[in-house]
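Quick look at what TrEMBL lists:
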DOMAIN    332-396  domain 'SAM'
DOMAIN    401-473  domain 'U-box'
REPEAT    50-91  repeat 'WD'
REPEAT    100-134  repeat 'WD'
REPEAT    146-167  repeat 'WD'
REPEAT    235-276  repeat 'WD'
REPEAT    277-311  repeat 'WD'
Amino acid sequence: MATLIHTLADHSDDVNYCAFSSSCLATCSLDKTIRVYSLSNFSELPYSPLEGHAYAVHCCCFSPSGRVLASCSTDGTAALWDSRDGRRLAVLPQPGASPVRVCRFSPDASYLLAGAADGSVVLWNVQSLKLYRSGKVKGGSLMACAFSPNGNFFVTGSSSGDLTIWDDNMRCLYNEKAHDLGVTCCDISSHPVSDSENGFKYFQMASCGQDNQIKLWLILFADFLGLQLKYKCTLHGHSAPVLACAFSCDGQMIVSGSVDKCVIIYETSTGNTLHTLSQHTRYVTTCAFAPHSPLLATGSMDKTVHIWQLDLKQPCAGDTVENESKVAVEDWSEDDVSAWLCAQDLADFVGLFKMNNIDGKELLNLTKESLVNELKIESLGLRSKVLQKIEELRMTRISVSVPDEFLCPITRELMNDPVIATDGYSYEREAMENWISNRRSSPMTNLPLHSLMLTPNRTLKMAISRWVETQQK
């Protein structure tokens, strides 16, 4: 069930786009502004609205850490804003000054992708604020773009109906005529799917267009095979052009918005319609799932943004077991845990978990150390996968009003072992260790780190523990 819990009606013209971070919602409009709201109570932040674009703002998006907000406009520029205080950090002019329709950060926040009405595609280096690479689609305006979760490639969609896949050096890898009357939006799920026949992992992509259709695709990108794009199926239900589509954070649902004024939520695996929402009075132009809470935002030409609360019986935010919606995770039986393992593609661990009497409470208390020392899981990759899935479960039990200082800036997840880096910011230890193993710059400022030393932040760890205890009462 999807329940309308709040309506934002601050824009004075069509709402063009909405985007979530873990703590905020940003919306942009034909009225030339970007507005930013707190997810704790949907109040507008003191520095909002953001003003500076000379014409309509078509798109906005948060960096992976949520600290930077990007926007793009008919004025031919993309802009970067500090989401903490609303300061404009940079203005990035599109070559040719063509209206910029879409923008996206790369998964590591190194680049901002900007696509324009003249078909130009630009990658901006976020640290240097200089143009890194540029390209152009054949015919038509650039209407849509999406990065793969690993950042190895990105996809663009054009008004000519083409989906084009590019590598991170802006080389065109593949082109597909996808929607006869033009592509309007595309999105790539952060969760790959397995091919049982050959064992490969595919990225799932959704695209929608002026032909009233939503299409699902599978993308395989491997060095020894090159790139493959496979059509999977078409989702039906809209009676007019589909203007927006997006995956839920766990990839189990897809939402779409249309000229028919309806929002439809589909189950990805079956293509079945879960909900049809018809509260908007004009075209639905944008829709987005929140990353770590069961919230959905939809925006429209009726100048409003609706906020929806999704019933956790539906597969949202890591909710993949039917029992999970009826019984709190900490009250799961061993059989409930076994069912959850199977749903997470971890069926090989069912026997091991049963042998060690792992119920819901034990599951939530598992750590990297207990997986090694008690359950004897030796594979680092498998341990990481189990821990990631457990963390997703924990996040479903946490309120949307998690204090921002308790979230790791890299993973945007609640920290278990916070450490202070020499840039003065606190991070989850494992995430920061992985970060500095590949680079010597700060995740927050992109400036060089003068030392790689990490100091335990015991005060913050105690504060997080106390806060979690209050949430569990």
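Positions of Cβ are set from backbone N, Cα and C atoms, glycine also.
What TrEMBL says about a protein is an automatic prediction, not a curated fact.
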Mind checking which residues reach the repeat 'WD' (146-167)? Cβ under 8 Å, same chain, six or more beyond either end.
-> 104-108, 113, 115, 119, 121, 135, 137-140, 173-190, 192, 203, 205, 207, 209, 217, 219, 221, 227, 229
Looking only at residues six or more beyond either end of the repeat 'WD' (277-311), which have a C-beta under 8 A from one in the stretch?
-> 1-9, 11-22, 25, 27, 29, 39, 42, 243-249, 253, 255-259, 261-265, 317, 319, 325, 395-396, 398, 400, 402, 412-413
Do any residues of this chain, six or more beyond the ends of the repeat 'WD' (235-276), have a C-beta under 8 angstroms from a C-beta of it, and if so which?
-> 1-2, 181, 184-191, 193, 204, 206-216, 282-292, 296, 298-300, 310, 314-320, 392
